[in-house]
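S.K.: Sharing a structure below in structure tokens format, with a few things to ask.
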Amino acid sequence: SGPWMCYPGQAFQVPALPGCRPVLKLQCNGSKVPEAVLRDCCQQLADISEWCRCGALYSMLDSMYKEHGVQEGQAGTGAFPRCRREVVKLTAASITGVCRLPIVVDASGDGAYVCKDVAAYPDA
């Protein structure tokens with residue numbers, strides 16, 4: 001496995017993590033996440049290569065915004081009515097840490113638990 005497996009258009013497709021969507025919505029809106037909901041999300045994320053977990057979270061966030069027709073720069077609408085974009089991105093980036101799932105942060109194979117690159121995507 002490696003980072004080349006995660007790029008869009010390759011044979012390997014990253015799922016949009018349907019189990020993590022409610023986690024992101026609940027956390028961002030300040031609600032408690034039920035244990036069963038968090039467990040479903042973490043299980044889906046665990047099934048994805050540690051190289052691809054951050055990309056999968058970014059893909060999920062991007063698809064959630066697109067489904068609600070949210071344009072870049074808009075806040076307080078769509079999927080996250082009480083959340084600024086920066087908070088949504090940071091919340092998504094922290095899901096791997098909440099699940100205690102390691103990620104690979106760069107090509108050297110260095111690991112971490114929080115996706116730094118999700119927060120860096122300008123259009124997420």
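Every residue, even glycine, has its Cβ placed from backbone N, Cα and C.
TrEMBL feature annotations, pasted as is:
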DISULFID  Cys6-Cys52  disulfide bond
DISULFID  Cys20-Cys41  disulfide bond
DISULFID  Cys28-Cys83  disulfide bond
DISULFID  Cys42-Cys99  disulfide bond
DISULFID  Cys54-Cys115  disulfide bond
S.K.: Work out how many Å separate Cys52 (disulfide bond) and Cys115 (disulfide bond) at their Cα atoms, rounded off.
M.R.: 10
S.K.: How many other Cβ atoms sit within 10 Å of the Cβ of Cys54 (disulfide bond)?
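M.R.: For Cys54 (disulfide bond), the count of other Cβ atoms within 10 Å is 27.
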S.K.: In the structure shown, with every protein chain counted, which of the disulfide-bonded residues Cys20, Cys83 has the densest set of Cβ atoms within 10 angstroms of its Cβ?
M.R.: Cys20
S.K.: Which of these disulfide-bonded residues is closest to Cys99 (disulfide bond) if you go by CA atoms: Cys28, Cys41, Cys83?
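M.R.: Considering only the listed disulfide-bonded residues, the nearest one is Cys41.
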S.K.: Do me a favour and check the Cα-Cα span between Cys83 (disulfide bond) and Cys41 (disulfide bond); whole Å is fine.
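M.R.: Spelling it out, the Cα of Cys83 (disulfide bond) and the Cα of Cys41 (disulfide bond) are 20 Å apart.
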S.K.: Measuring CB to CB from Cys115 (disulfide bond), give everything in the same chain under 8 Å that is also at least six residues away in sequence.
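M.R.: The answer is Arg53, Cys54, Leu57, Tyr58, Ala92, Ala93, Ser94, Ile95, Thr96, Ile103.
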